[in-house]
Amino acid sequence: MPEKKARGRSRFTIYHGLAASFALHCALALPFVLEELAAGPDEPEILVVELQGVVAETQTEQKTLQETKGAAEQDAADAGRPAQAAAAPPEPPPPEDPPKDVPPPEETFPEPPAPAPTPPPTEAAPPQPSPGAGANTSAGAEERSAAQRIRTERDAELDRLKAYVKLLTKKVQAHLAYPDEERQAGLQGAATVSFTILPGGAIRPESLKIISTSGQPKLDASALKTIRLSAPFDPPPREMTVAVAVAFGRRR
């Protein structure tokens with residue numbers, strides 16, 4: 001048995017010691033290796049240059065977040081501190097002295113006003129007519145008078161025209177041109193002739209025309225000849241255009 005123990009002990013050589021020392025050193029250096037592996041390789045310089053604006057903005061945002069986080073932590077720390085003692089309440093004011101007895105003021109009544117003198121009654125003035133009523137009455141009378149004057153003048157003009165047309169018809173009838181040939185042939189009919197009579201009684205030549213035919217060209221021509229033979233006419237009340245129906249036929 002003692003020999004077996006000695007042999008077991010002799011198996012731990014210097015190599016075993018070196019291996020144990022190496023393992024111990026590796027165990028100590030393992031955290032640094034893992035940290036280097038986790039950090040990873042640095043980014044190429046060209047990416048930093050190309051994305052300089054983006055990197056700068058990211059750094060600014062990170063800095064702002066850090067400052068904000070620090071301010072929040074500072075506020076939380078301040079809130080955790082015990083609050084200072086509240087200020088002592090102000091002393092109450094001294095009680096006021098009770099008011100002394102003051103006699104109530106004497107009540108005074110105003111004197112009644114003296115009655116105002118009554119003025120003597122005045123006689124009512126008679127009502128005067130308003131100026132507008134007189135103006136309206138006068139304007140109405142003038143309008144009625146003007147309307148009556150216009151009616152009178154119009155009626156007088158109509159009477160003059162009727163009298164003139166009666167004279168004109170008699171003159172046209174006296175100069176009726178009814179040729180024997182048409183009379184013997186028994187042609188009958190009426191043609192309406194229109195013309196303008198000038199203030200002197202003459203006919204305006206271009207105004208003479210047939211406005212309604214008799215159906216017989218010869219009778220229409222005889223109607224125009226009748227009006228030419230009747231001119232000149234008596235002076236009319238004013239220049240006027242008339243239409244005269246010239247009739248041709250046997251007398252019954």
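The backbone N, Cα and C atoms fix where each Cβ goes, glycine too.
From a predicted model like this one, the values you see are computed outputs, not experimental measurements.
Under the heading transmembrane segment, TrEMBL lists 12-34.
Sequence annotations record features per position, and here TrEMBL assigns region 'Disordered' to 59-155.
Residues or ranges marked as compositional bias 'Low complexity' by TrEMBL: 77-88.
Residues annotated as compositional bias 'Pro residues' in TrEMBL: 89-130.
As annotated by TrEMBL, compositional bias 'Basic and acidic residues' applies to 141-155.
Annotation source TrEMBL lists domain 'TonB C-terminal' at 163-252.
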Would you report the average pLDDT that the model assigns to the domain 'TonB C-terminal' (163-252)? 91
May I have the DSSP-based helix, strand and coil counts for the residues of the compositional bias 'Basic and acidic residues' (141-155)? 15 helix, 0 strand, 0 coil
